[in-house]
Amino acid sequence: MSQYSDDDYSHEDDSEMEDEDEEDEYEPRSSRKGRSGKKRGRSNSDSDGRRGSKKKSSGSAFIDWEVEVDDDVEDDDDDVDVEDGKQQLKFGDFSLCFIVSGEADLPNEDSDHRRQYYQRGFHPHEEDVDELEKRTLERLSTKYAKDDYELDDVNDVDQQALLPSVRDPKLWLVKCAIGREREVAVCLMQKIVDRGSEFKIRSAIALDHLQNYVYIEADMEAHVKEAIKGMRNIYANQKILLVPIKEMTAVLSVESKAIDLSRDSWVRMKLGIYKGDLAQVVDVDNVRKRVTVKLIPRIDLQALANKLEGTENVKKKAFAPPPRFMNIDEARELHIRVEHRRDPMTGDYFENIGGMLFKDGFLYKKVSTKSIAAQNVTPTFDELERFKRPNENGEIDFVDESTLFANRKKGHFMKGDAVIVIKGDLKNLKGWIEKVDEENVLIRSEMKDLPNPIAVNGRELCKYFEPGNFVKVVSGIHEGGTGMIVKVDQHMLIILSDTTKEHICVFADHVAKSAEVTKGVTKIGDYELHDLVILSDFSFGVILKLDSEAIQILKGVPDSSEVSIVKASEIKYKIWKKINVQDRYKNVVAVKDVVRVIEGPSKGKQGPVVQIYKGVLFIHDRHNLEHTGFICTRCSSCVLAGGNFKTPALVPPSPRRFQRADMGYNPGAGGRHQGGRGRRGDDHLVGTYVKIRLGPFKGYSGRLVEVKDKLVRVELEAKIVTVERKAISDMTDNVVATPQYNMGSQTPMHPSRTPLHPCMTPMRHSGATPIHDGMRTPMRGRAWNPYMPMSPPRDNWEDGNPGSWGTSPYEAATPGSDWGSSTPGRSSYRDAGTPINNANAPSPMTPSSTSYLPTTPGGQAMTPGTDLDVMSLDIGGDAETRFIPGILVNVHKAGEDRNPGVIRDVLPDGSCVVALGHRGEGETIRATQNKVSLVCPKKNERVKILGGKYCGSTAKVIGEDGQDGIVKLDESLDIKILKLTILAKLVHE
Amino acid sequence: MGSAPAQIPTSFGHELRACLRCRLVKTYDQFRDAGCENCPFFKMEEDHERIVEVTTPNFNGIISVMDPSRSWAARWLRIGKFAPGCYTLAVSEPLPEEMQHLCQEERVQYVLPKRM
């Protein structure tokens, strides 16, 4: 309309010229008309508007302007009139014809339909008018309903227009016999058809999900009553309820449960011995509502043979045979008749045994669609693995990944997720999610030539991860676990679990990126990970793994390492009691003591005792890859480690040893002195100067006067107070330790990890206190004793969370230090790879400086006179590591904190020319190598590798795992795991 | 009542099938014998294999439309222009593509079922 009026105005200005124009244009216009007249209505071009204005002025004021398109049409007609009377007549006929038919047959027809009709009828294609006319007439002769339906362009807006109003008939709820709803609806239909227009009901609705009722649509309740009178299954005397207008649409909006039974989709059986089993749809017969599924047969061949022979009565089996692939040869051996037949429908060959069809070991079973569950079927990894069985040709049937994605939850993809296209033309395209719509996901890819963003169907996408990513499993049986991806195989990921240190296979779909570290599920009901439990058969064991379905238990059978998987209900109770036992040499062993296994299959293993029961020890050796490191052994096969106590000793025992063992193996346990062990060796604390770190006396320092279990009494400079033992730290140690370990700066590296080991920090400080001055004795003993394996604290280091302990490596790895290479025992410790923190104490004899020295047996013990200040060891495991110019280091100067600096040059004598400052902007000094330590690289930082095979290469740190750094080599982009101690942070330049 | 009613289903059980285009519900046999009243171009009575293609046993709910033009429910379900008869409220499967093309050729509208 508006356009018309605009045009009107614009053309009224030069209306005088119009007649002329008309004359001038007559010829060209008529010719144009013949060619493209049909186009005009669609395009509403300027010329149309112009013609409209002309026509108006030429006296067609009768035209009803309400219907603009009609006008347009008439306008055309008029023009045609001018040009060709015959044509005009035909159009006129046509429109008349239409209107007549419309009015006669379609009383409810509104002008909208007509308008659409015109539009479509006139302008669908470029074709001859004659042709159009012919076709139009043809169409008019066919059933009207068809044509009208065609015009129903269904969209939501149109649907809105159909919302019920007060003028519409109402829906009445009528009670009927249960299960007869459809019948009632159909019978009502039949009744009305038979009896003609006697009844005034409009429709009857039977919903599948509503039993006992049907809806009847009528204007009045009386009409309903009339219609249902005499109906067998309708309770006519029951009250008829009116459905409120607002609820009418809800009645009709049934959710058509799309039974998406397509080939290759995964289903679960609902009935019989295969109940719960995974099956794959092979064929769907929608007519008979049956599907052919492929599953792993649960057939007891012997029983089958007996049955077929008729020797044994068919008994109802108490349990289903385990799923196993059918072995035809085995069946033949049992004289089971196997027919090799060709299926006439599919043309495939099947082995037919007693009516069951087998192919490639799978059972092909025809079942009713009702006996399978297709909703929310998520096959587990193991199940799918089992389905991957090579067929006759040795090919592995390709399991289409996309079949797995049918049951994704909403919100599966999030903005920013890295994804890969797994299907279609864009297969293997990687990108990031921009936006998630209902079905489609907009992704942004790196490809330059592609338009960004691209809309991809969510089903064609899979989350994408790279090795080194830390992820959390968000669904499936491993749900809750975290770990690092070590391998990506299409949509399968192999993850090194944080909990078990085992590889787990999961679908990329089931994980999400996460910096979190969890132990998976650590508690179910009353049972926690590593609890000692008694099973229903009175055997006992330690819980190794808990998940929602099963509990894995290492049985308390010495040296057998038998693991059983039980249900929570099979556990009788858990044992709280902590018992002490004696080792081979009658040393008392308690929980948390470190023992070494000296005989049996686990010989040589060692670790802290986790549980003790009936003379059986459960030891946790983190180097043991089986059973998450747990070993079960007899107490008599073990010796208490960490000293020579009551062993064929060379050196008299030292009471401190226990202390060491205790602290060394119990990094995260908070109160280390709990349980039986606390008292021993505490006396040495008395007399030391401590500083109180927590509580109301925080900051006070004083002399320790008494040790009482968890409490100590400290004589402050002012007075003696009682504080918790945890709350103190050795003053001398503290002074050094705080800057040294610089925990504060480390924490942000692994924000999610640190909280897991909250007690790490205090441990270091306070832990150091009790041992320091007593350490010498065992140390020396150890140094002399070649039988002593690695010293326990080493484990401590490795157990330590990589974040908070990360500082350690950079104090290490200083080859060529004054005394390091002269250590006799050193070589034997190499593999241990113990990072030594350099206690930068003022005097070698200072207790604190030796705090951590148990790990440096050779050097420390041998060189009491050595300048401990400069102590550092080559313990890198990768042998010699040498400083290289360009790396960031910390320089230690006596009496000062560490100063960062950049190595500018390494002199032949091993000392370095270091430019102070993070970028080497400060003064240049010369420092001996032992005053220089590496700066531990953090994630995403560039490093130079100082030792090993990749010595000299640069890399980027992509993660850390304990003492190891995960790095991506710049050259090959390979991912390597290297000791942090040989990774030197590069300077940003 | 505008036009002649479609066949009324002779049973109420599993034999029932719904036309994927117009949603008319009849038994298989009825489709075979008389085809679909609203969609004669499918020619089911001539080509029996087509019955399986264009009808489905999976449908949800039945509505008997006695007076399609004056029934709100029929209009709401967009079956108001069809012959009186028993219809279903919804089918979940789409018409096979080949058949959709046939609809196009016949210039009849086909609306894909809404995915829930």
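Backbone N, Cα and C define each Cβ position, glycine as well.
Per Swiss-Prot, region 'Disordered' is recorded for A:1-82, A:790-852. Per Swiss-Prot, compositional bias 'Acidic residues' is recorded for A:1-26, A:65-82. Positions annotated as compositional bias 'Basic residues' by Swiss-Prot: A:31-42. Per Swiss-Prot, domain 'KOW 1' is recorded for A:260-287. Feature annotation from Swiss-Prot assigns domain 'KOW 2' to A:412-439. Among the features that Swiss-Prot reports, domain 'KOW 3' is placed at A:464-491. Residues or ranges marked as domain 'KOW 4' by Swiss-Prot: A:588-615. As annotated by Swiss-Prot, domain 'KOW 5' applies to A:683-710. Residues or ranges marked as compositional bias 'Low complexity' by Swiss-Prot: A:842-852. Taken from Swiss-Prot, the feature domain 'KOW 6' covers A:936-963.
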*Hey, which bits of the same chain come close to the domain 'KOW 2' (A:412-439), Cβ under 8 Å, at least six residues off its ends?*
401-402, 445-447, 450, 453-465, 490-491, 509
_Paired segments the domain 'KOW 6' (A:936-963) and the domain 'KOW 1' (A:260-287) in contact, 3+ CB pairs under 8 A_ = no
*Pop the mean pLDDT for the domain 'KOW 1' (A:260-287) in here, whole number is fine.*
79
*asked:* Per DSSP, what is the helix/strand/coil residue tally across the domain 'KOW 6' (A:936-963)?
replied: 0 helix, 12 strand, 16 coil
_Tally of DSSP helical, extended and coil residues in the domain 'KOW 2' (A:412-439)_ = 0 helix, 11 strand, 17 coil
